[in-house]
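Asks: Below: one structure in structure tokens.
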Amino acid sequence: MFATPLRQPTNASGARPAVSMDGQETPFQYEITDHGYGKDAVKVLHVSRKGPVHTIQEFEVGTHLKLYSKKDYYQGNNSDIVATDSQKNTVYLLAKKYGIESPEKFALMLGQHFLNKYSHVEEAHVHVETYPWQRVCQEETKSVNNQGQGSCNNFTSIDNRSLHNHAFIFTPTALHYCDVVIRRTDPKQTVITGIKGLRVLKTTQSSFVNFVNDEFRSLPDQYDRIFSTVVDCSWEYSDTETVNFSRAWQTVKNIILRNFAGDPQVGVSSPSVQHTLYLSEKQVLDVIPQVSVISMTMPNKHYFNFDTKPFQKIVPGDNNEVFIPVDKPHGTIYAQLARKNISSHL
């Protein structure tokens, strides 16, 4: 947020107290233009124990509130403050009372609770990060006595795989997070979901040619190169009533992987990071009508050929097998794609 210009004293004799936007007299010629407080990094694990098959959700939650009053800042008056420790307790109590279905629905419930419970709260912002637990999976392979190794009673067979009923493995492929903002003066709830840290690499079918050729250029045309990136992506929903948040997150992830990798046997050509990014964003808007705008960043993680020319006596010929990973510096490509005539908070 840009700072507002400093206000000048009203007369030459000195400054008089200013009046803030909520009508409260402030002690100096300055005013608080943004404020809020909350509890961050509240870790919660919820276990659903419906029969022998258990389901878990582990979150890291942040809750921030904005009050109508600023008297806690100006006067040191804490009478309107909902303590951050109370906000922490609210996370656990609502998880116990209502359970957890998805990070977005839990964040919506938390935000709405703060506005319903405390009339002096103007805005609630809830941030949730999901810990990626998946069920332990055991393939249905035949043992010496021709018995499937996944025949234990603690496993449920799905698609020739045995999924454990109550054991899980941490699989940090990508982070699922969301931000929910609920304002008392705005009937529309802001729900933003994201993917963070989706690292991918392919060894062929990526090129970069015919770019600007001038006196500053040293990079040759690259007709076939390693393409690696770490995708960060976020999108905002225009409709939160009809969307399945968990399914939508998985759909976006699958779309990104499909446009990056293509068919498992054939692959797909990537003439630039920009084009791959755009195709992914476009397909998300095509497939999920509740998404109004999507933003994506793809840093270009470089892998350069190790130069074997000085070592022809040891390894004669060209090298297309050994590469040097170079994290810094790296290119960064990003774009935001939106439906026409919409406003967003991305």
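Note that the numbers count up from 1, one per residue, in the order the chain is shown.
Cβ coordinates come from backbone N, Cα and C, glycine included.
Just lifted these from Swiss-Prot, have a look:
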- 1-23: region 'Disordered' (REGION)
- K39: active site, charge relay system (ACT_SITE)
- T84, D85, F208, R225, V273, Q274, N300: urate binding site (BINDING)
- T84: active site, charge relay system (ACT_SITE)
- H302: active site, charge relay system (ACT_SITE)
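Could you give the neighbours, burial and distances for every feature on this list?
Replies: DSSP gives K39 (active site, charge relay system) a strand state.
Contacts of Q274 (urate binding site) defined by a Cβ separation under 8 A and a same-chain sequence distance of 6+ are given as I333, A335, in order along the sequence.
The Cβ of T84 (urate binding site) has 16 neighbouring Cβ atoms from other residues within 10 Å, across all protein chains displayed.
Long-range neighbours of H302 (active site, charge relay system) (same chain, six or more residues apart, CB within less than 8 Å of its CB): S228, P325, V326, H330, G331.
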Asks: Rounded to the nearest Å, what's the C-alpha distance separating R225 (urate binding site) and K39 (active site, charge relay system)? Just drop the number here, would you?
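Replies: Counting only the Cα atoms, the answer is 45 Å.
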Asks: Between the binding-site residues T84, D85, F208, V273, N300, which lies closest to K39 (active site, charge relay system), Cα to Cα?
Replies: T84
Asks: Per the record, urate is bound by T84, D85, F208, R225, V273, Q274, N300: how many Å separate the farthest pair of Cα atoms?
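Replies: The widest Cα-Cα gap among those binding residues is 53 Å.
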Asks: Within 10 Å of each Cβ, count the other Cβ atoms, then let me know which of the recorded positions K39, D85, N300 comes out lowest.
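Replies: If we count Cβ atoms within 10 Å for the recorded positions K39, D85, N300, the smallest count is at D85.
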Asks: Tell me which residues of the chain lie with their Cβ under 8 angstroms from that of V273 (urate binding site), as long as they are six or more apart in sequence?
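Replies: Expected: F227, T229, M298, N300, G331, I333.
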